[in-house]
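**Q** So that we are looking at the same thing, I have put the structure below in structure tokens.
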């Protein structure tokens, strides 16, 4: 027997149908192909400007888009399968909210960045940017993993995508911030938004589900698959929308070496912080990726290979120390129940990346960049602002992002507390059978789960 408060029989279908119908209508009214996608405009441009089809932006951007897309659906999805009885929900809800978010993000980002004569023009770069926005939502999902219903997650995505687009517009367009790999706009925003949401959704009796908030051997192996996909494709993620040529090449290279250095420091710190010297799979799955996060902002800058290795090395150390010592403090003292430890993988490394970006930007000069200064820092090259000014803008952007994320998460958290969204009880968190049909050997466990009397559950949650 299903708990009526968590029964998705009507709530989920109604939510999905309404949201998708609204999206279809808005796309029909507002969205058009851009010049590289529209048959009439593209061929007219080719004839008048002697362009060849191979110069279409698709051929420059689509390989990176493929890598980013795999990261969003496979990387993030499998990274969260570490919970022993929440694998269906980790991958399945990741799939659901990503599919919705990329559509909504296309509209929100298009409204701020791609609006021409009242229409949103989209191409392959729009798809990449929509995936970036989706990544931020999935980071926040990690903080509330196992404690929210799919309807809650969809509504969280509605609000977060909107706030993401506003924050991105303020940083990239109004302030002229450089953040190609999204250390601030994606990772810092998603992490602190999610942390504030999970703080507002604090569950005092979550320890009643503590026995399910852990991994088993095979669930950690599945999570490691997600880690490897993310690790391999992160250079593409950070470089996907940078300028063609040396900035894109440099971003991929800086990320590549940052990840490698981060991995070694992660293994070292994981062993060092254990009394018996044994490695912790949680550290390896997550902290080894922190180098990619930290290299996001400064990746396209002249960070240098050894500089990127220093950044990755520090990111791995910070991330492991966060998992080992800071996460318990956040839960016990600040009542922040961070299921996936997003503060350690995305939050602190994102802030580190923003700081590195600010310092690196402040050191930019014609002597270092040559004619390439115009590609990376056009305002500095034109004399509109000094390198020190650019560094200050980068620092201000971090403060703006933190403010937007924390305030937005606060408001959205209170909205998601409404009982209409069908959140699970404290006693039934981290459990697939609450929302999924489970096969074979899982059925006996589901039967045991549903025998808990409603009044007993109410008592535990009071």
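Glycine too: its Cβ is placed from the backbone N, Cα and C atoms.
Below, the features straight out of Swiss-Prot:
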type     : residues : note
TOPO_DOM : 1-11     : topological domain 'Cytoplasmic'
TRANSMEM : 12-32    : transmembrane segment
TOPO_DOM : 33-62    : topological domain 'Extracellular'
CARBOHYD : 46       : N-linked glycosylation site
TRANSMEM : 63-83    : transmembrane segment
TOPO_DOM : 84-94    : topological domain 'Cytoplasmic'
TRANSMEM : 95-115   : transmembrane segment
TOPO_DOM : 116-125  : topological domain 'Extracellular'
TRANSMEM : 126-146  : transmembrane segment
TOPO_DOM : 147-152  : topological domain 'Cytoplasmic'
TRANSMEM : 153-173  : transmembrane segment
TOPO_DOM : 174-180  : topological domain 'Extracellular'
TRANSMEM : 181-201  : transmembrane segment
TOPO_DOM : 202-220  : topological domain 'Cytoplasmic'
TRANSMEM : 221-241  : transmembrane segment
TOPO_DOM : 242-302  : topological domain 'Extracellular'
TRANSMEM : 303-323  : transmembrane segment
TOPO_DOM : 324-344  : topological domain 'Cytoplasmic'
TRANSMEM : 345-365  : transmembrane segment
TOPO_DOM : 366-395  : topological domain 'Extracellular'
TRANSMEM : 396-416  : transmembrane segment
TOPO_DOM : 417-462  : topological domain 'Cytoplasmic'
REGION   : 441-462  : region 'Disordered'
COMPBIAS : 453-462  : compositional bias 'Basic and acidic residues'
**Q** Near the transmembrane segment (181-201), which residues from the same chain, at least 6 beyond its ends, have a CB less than 8 A from one of its CBs?
**A** 132-133, 135-144, 147-148, 156, 160, 163-164, 167-168, 171-172, 237-239, 251, 255, 292-300, 334-339, 342-343, 345-347, 349-354, 357, 397-398, 401-402, 404-406, 408-410, 412-414, 416-417, 423
**Q** Short question: most Cβ pairs under 8 Å with the transmembrane segment (221-241), which of 95-115, 126-146, 345-365?
**A** 126-146
**Q** So how many of the residues in the topological domain 'Extracellular' (242-302) end up helix, strand or coil by DSSP?
**A** 39 helix, 0 strand, 22 coil
**Q** Select the range from 95-115, 126-146, 303-323, 345-365, 396-416 that forms the most Cβ-Cβ pairs under 8 Å with the transmembrane segment (153-173).
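**A** So the stretch in question is 95-115.
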**Q** I need to check the long-range neighbours of the topological domain 'Extracellular' (174-180): which residues 6 or more away from its ends have a CB within less than 8 Å of a CB in the stretch?
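**A** For the topological domain 'Extracellular' (174-180), the nonlocal Cβ contacts are 238-239, 241-242, 247, 251, 296-297, 299-301, 354, 357, 361, 376-377, 379, 385, 390, 393-394, 396-397, 400.
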**Q** Across the topological domain 'Cytoplasmic' (324-344), what are the DSSP residue counts per state (helix, strand, coil)?
**A** 13 helix, 0 strand, 8 coil
**Q** Would you kindly list the residues that approach the topological domain 'Cytoplasmic' (324-344) from elsewhere in its chain, counting only those six or more residues past its ends and only Cβ-Cβ distances under 8 Å?
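**A** Distant Cβ neighbours of the topological domain 'Cytoplasmic' (324-344) are 79-80, 83, 139-140, 142-147, 190-191, 194-195, 198-199, 202-203, 206, 213, 273, 282-283, 286-287, 290, 318.
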**Q** Are there residues at least 6 beyond the ends of the topological domain 'Extracellular' (366-395) whose Cβ is under 8 Å from a Cβ of it, and what are they?
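**A** For the topological domain 'Extracellular' (366-395), the far contacts come to 175-178, 243, 245-247, 297, 300-302, 354-355, 357-359.
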**Q** Six or more residues beyond either end and a Cβ under 8 Å away: which residues meet both conditions relative to the topological domain 'Cytoplasmic' (84-94)?
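**A** Contacts with the topological domain 'Cytoplasmic' (84-94): 73, 76-78, 138, 141, 145-146, 150, 153, 212, 214-216, 219, 222, 430-433, 435-436, 438, 442, 445.
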**Q** Which residues, given as numbers and ranges, are at least 6 beyond the ends of the transmembrane segment (126-146) yet have a Cβ under 8 Å from it?
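**A** Same-chain contacts beyond the ends: 34, 61, 64-65, 68-69, 71-72, 76, 80, 83, 86, 89-90, 93-94, 97-98, 101-103, 105-106, 108-110, 113-114, 152-153, 156-157, 160-161, 164-165, 168, 182, 185-187, 189-191, 193-195, 197-198, 201, 209, 212-213, 240-241, 338-342, 346, 409, 429-431.
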**Q** Reported in the order helix, strand, coil, what are the DSSP residue counts of the topological domain 'Cytoplasmic' (84-94)?
**A** 8 helix, 0 strand, 3 coil
**Q** Would you mind listing the long-range same-chain contacts of the topological domain 'Cytoplasmic' (202-220), meaning Cβ under 8 Å and 6+ residues beyond its ends?
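**A** Same-chain residues near the topological domain 'Cytoplasmic' (202-220) but 6 or more away: 81-87, 146-147, 281-282, 285, 335-337, 339, 426-431, 460-461.
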**Q** Could you give me the DSSP helix, strand and coil counts for the topological domain 'Extracellular' (366-395)?
**A** 24 helix, 0 strand, 6 coil
